[in-house]
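Per TrEMBL, the features are:
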MOTIF     9-19  motif ''HIGH' region'
BINDING   C98, C100, C125, D129  Zn(2+) binding site
MOTIF     235-239  motif ''KMSKS' region'
BINDING   K238  ATP binding site
DOMAIN    317-459  domain 'Aminoacyl-tRNA synthetase class I anticodon-binding'
Amino acid sequence: MTIRTRFAPSPTGYLHVGGARTALFSWLFARKHGGAFVLRIEDTDLERSTAESVNAILEGMTWLGLEYDEGPFYQTKRFDRYNEVIDQLLERGLAYRCDCPRERLDALREAAMASKQKPRYDGHCRGRDIDPEAPHVVRFRNPEQGTVAFDDLVRGRVEIANQELDDLIIRRSDGSPTYNLTVVVDDHDMGITDVIRGDDHINNTPRQINIFKAMEWDLPRFAHLPMILGDDGSRLSKRHGAVSVMQYMEEGYLPEALLNYLVRLGWSHGDQELFSVEEMIRLFDVEDVNKAASSFNTEKLQWLNQHYIKESDPLHIARLLSPHMGRLGIDPTQGPDLVKVAEAQRERAKTLVEMAQISAFFYRDYEQFDETAARKNLRPVARQPLERMRERLAAQETWSGEALHALVQEVADELELKMGKVAQPLRVAVVGRAASPGIDVTLELVGKAACLRRIDRALEYIAEREATA
Ligand code: GLU
């Protein structure tokens, strides 16, 4: 049997990390088994669904590389099919019309609450013959006896008595079908073999199973993923920081870091922390997902991000870094090769936003010196080494890191100074700060004209200091 999984988001907001993890697990399961991964947009809630949200979901999935093989299918385009199924259920007596007024339903609910019982519809209209032309809803005739049971791939056996379930509305009075009906029709029509979703849906599953059975359709397997908690133990939400996948992109995370992070939320393979996508596909199994909730840990995500920044091909990093440079108003084609910049900075940044910030000086003059660095390094004693460096750099023709490094060493030897006494003032002059990659690559990538210009500026700064001293 070919495995078919799906991701079925409701487009009422951005793609959040919980949804992305559901999508990842469904995608991995399909990929592992050489099956298909279907994307379905559950947009039947016309008031809350938006086109922007659909775009945000597609964008997030694309960024993460969770390619779908089929879809996106939109539920709003399938109303005729849902109605066909609802009409079949009506014809076969497996559903019925109900015209109970709101006041009656409210009274039922209040009575149940007062006697501390779960509110449920009492089946009042089950035997009544209601005019199809008059306002009504359609309810599913849930079996009254027996139990519904299924073997959840994560939770194990789940069993519930039919008496606990009431006759749920499958078509509203405005004619629109409801979630539990549309999901069943779609999972059947789309040939879904494994329904992998958040455990907030686990109470819906027995109701859906009853609809599958009423239609005499084969049941898929179900896997309900445990929820994701914030660091304070409550369900992960905006309060805990970024929850939107695209916000992580904006904050300079690599998609592979977020994927690696997400796969470990509720799943493990021994104590391994790092997984390439191929490894995830090979090792992942939905049956190994934990039953217990998992907690979101931003530090670990940062650690993974730093790891992938360090270990990835600088060309890949440069591609992802480019838009972050753009956000700082820098066009990375006007200046040193961004790949070389990424290579020089790979050990120095936790995020691409940080990498862009500490790399801006390669492309444009810094606005002002970092005060502490300037006070410490651009002192009168630094004037002579800087002047000498300026002279030698101005005369230098071969602008390679190696040659430039040798030059700094020569100047230090001539002045009988330690290398650092020349290199550090030079670094602050050229970078504006005390931290940068090696002086060789720093000078090389900043380029001759900018190096000279910035050394002049540092010399002016020193001169001002001398004048006011
Ligand atoms: N549309 C539902 C949601 O976004 C998911 C339905 C499902 O996976 O069965 O929560």
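Backbone N, Cα and C atoms are what each Cβ position is placed from, and that goes for glycine too.
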For C98 (Zn(2+) binding site) and K238 (ATP binding site), the CA-to-CA distance in whole Å is 40
The rounded CA-CA distance in Å from C125 (Zn(2+) binding site) to K238 (ATP binding site) is 43
Close in space but at least six residues away in sequence, with Cβ under 8 Å from that of C100 (Zn(2+) binding site), the same-chain residues are Y121, H124, C125
C125 (Zn(2+) binding site) falls, by three-state DSSP, under coil
D129 (Zn(2+) binding site) and K238 (ATP binding site), compared by Cα position, are separated in whole Å by 48
Same-chain, non-site residues whose Cβ lies within 8 A of the C98, C100, C125, D129 Cβ center for Zn(2+) are Y96, R97, D99, H124, R126, R128, I130, H136, R139
Per DSSP (helix/strand/coil reduction), the residue listed as 'ATP binding site' sits in helix
For the domain 'Aminoacyl-tRNA synthetase class I anticodon-binding' (317-459), the DSSP helix/strand/coil residue counts are 100 helix, 0 strand, 43 coil
The number of other Cβ atoms within 10 Å of the Cβ of D129 (Zn(2+) binding site), counted over all protein chains shown, is 8
For the residue listed as 'ATP binding site', the same-chain residues 6+ apart in sequence with C-beta under 8 angstroms from its C-beta are none
